[in-house]
């Protein structure tokens, strides 16, 4: 069918002039041919046992912390959860006094970061010993590059009111920036990578792929069994991820929306990378596939609401969603009918599979989520057509819903239920505060990377423009304000995670990982809407090139 036949051509249409996808289905299927044979699987199992024995055998606390840090950064900590839990709990109970008296910046920073990541409160006063009489971090710390890098990473686990960690972040950042021209190339590369995006904010799968190479070159620190296990595990997961991506690719090809609706973003690979960022572990294939479908549908409908659709059409579509009635399809413009049917079919399929797998009926719950999302989206359309600029607070109250992340996360929760036996869809309320806090920062990341281009092509003012209008300031000042909000909101998230002792740790990790995926895409670019050559290289490293 010619795409024009599905498009309403009455009236002037806005266009984002999106670049076509740099991936087509043939390219995806041809490039995803990794293999993992029985011999490799046997070797993987034997190496896993060797790493477990190594975790048991290492007694010295700093050595054990260093080993745990390597295991986490190599992306294989999920294979050793109980051993790591036991080790960190023991260190937390027995090592505090020792680490506070050693005056070892690397040890103190590593202890602080790993224990806080684990949900244990460690006082930031552990860093007082590294300050001079004037209350400044000692200049001599500049001689300890590894300690500085560790301090820098630890500072991002701070919560509100911990000024010593704000000082640590400022000191370590400026000192590392000054050191970069004077250190060896491999160390300068590590510093540059950390300063670009700290470990706590970075997408774990991307970090793992990079760290395998870093760890391989670090002959003083490297353990060959751990390196080989991480390499095999990465390749094993890559095969699973390839299978997931192929499955979603067939579904996307079947819908054929990019051809039928020529104005939309075709972002299959980008959507899948986000889903892997959200949940990379092997058992969560169905979660990844559902999240990818969600993101693709949200993106299509976002392009209709924000760019292509007239206000009348958007209102009609929104009414149809609120009715959630198959019969409403006949009232929609022809180009919207396929989107509406795709939405209903996708949600009904998710509800059906969840009922089959868990016995839980989640259909009403899912419908409520989608209605909430579209009601927020239509409000932004009304703002645009009325040329209304909301205050930053008013904008964010709505935009943290319209971003779509609440939908993706709650769908992820539903898909994870069969792996969380003590959880139920009725329990999701206890996660809403954490999800809401995450979505607030997610929206700010998105606006940070996309707002300039979106305003140029005609869209509702974003967070930066809302603050510029409200405070009568320049874009530079507004961006600095948004950057500060992101930093402060991360602190609030850190604190909420420390309190979240009654929440499922797998899902809490998924919430934070969704935000890390947002940081990956939007920290310094619009990596989703306008992916560049670097993005394609990163995607190939994750899904096509074996280690």
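Here the Cβ of each residue, glycine as well, is placed from N, Cα and C on the backbone.
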Cross-ref Swiss-Prot: (2E,6E)-farnesyl diphosphate site 302, 306, 443, 446; candidate in list 259, 265, 323, 479 matching that site is 265
Across the record's (2E,6E)-farnesyl diphosphate-binding residues 265, 302, 306, 443, 446, the largest CA-CA distance in angstrom? 19
Cα of residue 306 ((2E,6E)-farnesyl diphosphate binding site) to Cα of residue 450 (Mg(2+) 3 binding site), in Å and rounded, measures 13
Secondary structure split (DSSP) over the motif 'DDXXD motif' (302-306) reads 5 helix, 0 strand, 0 coil
Just how many other Cβ atoms lie inside 10 Å of the Cβ on residue 302 ((2E,6E)-farnesyl diphosphate binding site)? 18
